[in-house]
Structure formats: structure tokens, C-alpha cells
Amino acid sequence: MTSQHQEHTGTKRFSIQSDPVEIHRAIVEDGVAIIEGFLTPEQVQKLNKDVDAPLKADREQLKFKADKKDDPHFWLADFIPDHVARVHNLVDFSHCFRHEILNHELLHKICRLTFEESGDYWLGYGAVIENGPGTTEQKWHRDQPRYPLVKEGPDAPEGMLNFFTALTDFDAETGKTQYILGSNKRVELGEPDADHPIEYVGLKPGDTTIVSGKITHRGSDNRSDKMRRAMPIMIIPSILTPFDATCHLSRELVETMTPLAQKMICRRSVMIPAPGTVEVKTGIWCVNMREAGEQIGLKSNQRAKEDAEATDAV
């Protein structure tokens, strides 16, 4: 007897040297792909050091639980679950994120392929989420929000990519992320079934799962006595508004960054398809109808003040 069920081979795994075209194809087909060793051990160490104090402060502060029964508006900070700490705006305080992650070569190769139809892309947010012992299983969800002006469904252009990067072990005890295989091809959120089984994805520190906004997934319980820590790097088309604001960043800090990293934080103009075509690109987020950075005289690749002082002291 021949089975009528779809066959799923599981989430494809790649290395940092893998062909970005193959990785992109896996994301389109499966809604998820894993890159082992996306970050080096040194980068993982630096990022963990950068977020240790902010996460500790977040855990220690009294969390305000908003009563939203009669208010349709809310802030994410009011809805962080118990046992969870979360810190955003990594560009502000993490040298590694600002200079290494935002210039990650493979990340950009994959994003250029993914968002080719909608034009340039930039950072939606850079965050670290720490799930402590006692963290409970999430509800099934998709990361891509439903905007009335944006086409939805399996055939729609990609509205976001989440480079969900492990900073600690994701295993059977700390909790592997669960994905419903094939759910990126469904319109409805759906539940797992014989044609759409659950896959539990384990990660080592430095591995990343590239998650399409169309794939249904959830976090698992943390049954261990350890923290489970991940860095979601949310990339969105530049026609959408980022979650993390960058207007508060000083010009001095921004000018230490590369032009590419500056564009990722909305300090450079971006190119999108001109009306009625995808072949011709036109600039938006402009000053005087021209490139914003050039118009305001924005410099790049400048030495940070602390780096210059350290060099002068030697």
C-alpha cells in the first residue's frame, strides 16, 4: 500500500561555507534552514558578555503586568512571561553586534536572495531572549504579522527572516524549538498532523536557524536548571518599519559603522522596485530626494573614541 502522506526529510543543515543559493532554496521550500557555526565561539563569548548585565537587570526589575482588558494598545515590555528575560537594541551597547553581526557576509548573501522581489532590507530588531528554568511551552505561532496592505499566504513574498541564533545549548532538557514541517505552505496557522509533523530542532552555541515568517513554530519547556539563551536577528524588507528604533544613537557612534551596517539601522537610503517594475530600483528614505547619508555628510568606518584613546595610550 502506498502512503498518501507527504514525505518530510527534516530541516536541512548547512555550514558557514555552504552555497547561499542552496540555503535560500531550503528556506523557500521548507520555511526553515539551519547553519551550523554561523557565529564563531569568540563571537558567542563576546555577545554573551555584552548581554549578561542587561539581562540580569531585566530579571531583577519589578515587571509591570499591564491590565489591557479595555485598552487595545500594548507594549511588548508589559507582556514578557515569567522566567523570561529579554533585551533589545543590541546596536546600542554591543560592539560585536554593531560591527560583526550587522556585516555578516553570509547573512547578507541570503537576505539579498530572499528580498530580491521587494528591494533592500534592514534590521527589524536585534535582541537576546533568555528562558530560565520553568519556562513553559509557547503557543503555536508565526513571526510574520498580518498587515492589511501586505499580501499574505504561501505565495506571498517573504515578509521577514529571523536568524534565530543560539548562544547556549538548545537540547532535550533546555528545550528545542518546535517547527511544524510544511506549515509554510499552508494559509491557516494549523496544527501538526500526519502530513505536517513536528520537528524538534537542537542547536549548539553559534548555530542559527533561519526562520521564515511563514513557518508555524513554538518554543519548548525548559526542564533543566540552566538558562536557554538565543539571539533573534530579525531582518525585514525596508518597506516595513523596524521594531527597534535607532533615532537615539549618537552620530559619533553611527559613524564608526560601515555604510552597510548604517543602512541596516536606517541611517542610509534604501532601494526598492520602482512602481510597475521589479527590474528598476528607486531610492526611498531620502533627503532632498537623494541618498540620506550623503546629503547629511555622514561618515563611516571612523575609529571609535575609546579605540583612539587606547591607541594613543600605548
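Each residue, glycine too, has its Cβ placed from N, Cα and C.
Fe cation is bound by HIS141, ASP143 in Swiss-Prot, and the record lists one more residue there from HIS73, HIS217, HIS248, which is HIS217.
With every protein chain in view, the residue among the binding-site residues HIS141, HIS217 whose Cβ has the most Cβ partners within 10 Å turns out to be HIS217.
For ASP143 (Fe cation binding site), the Cβ neighbour count at a 10 Å cut-off comes to 19, with all displayed protein chains included.
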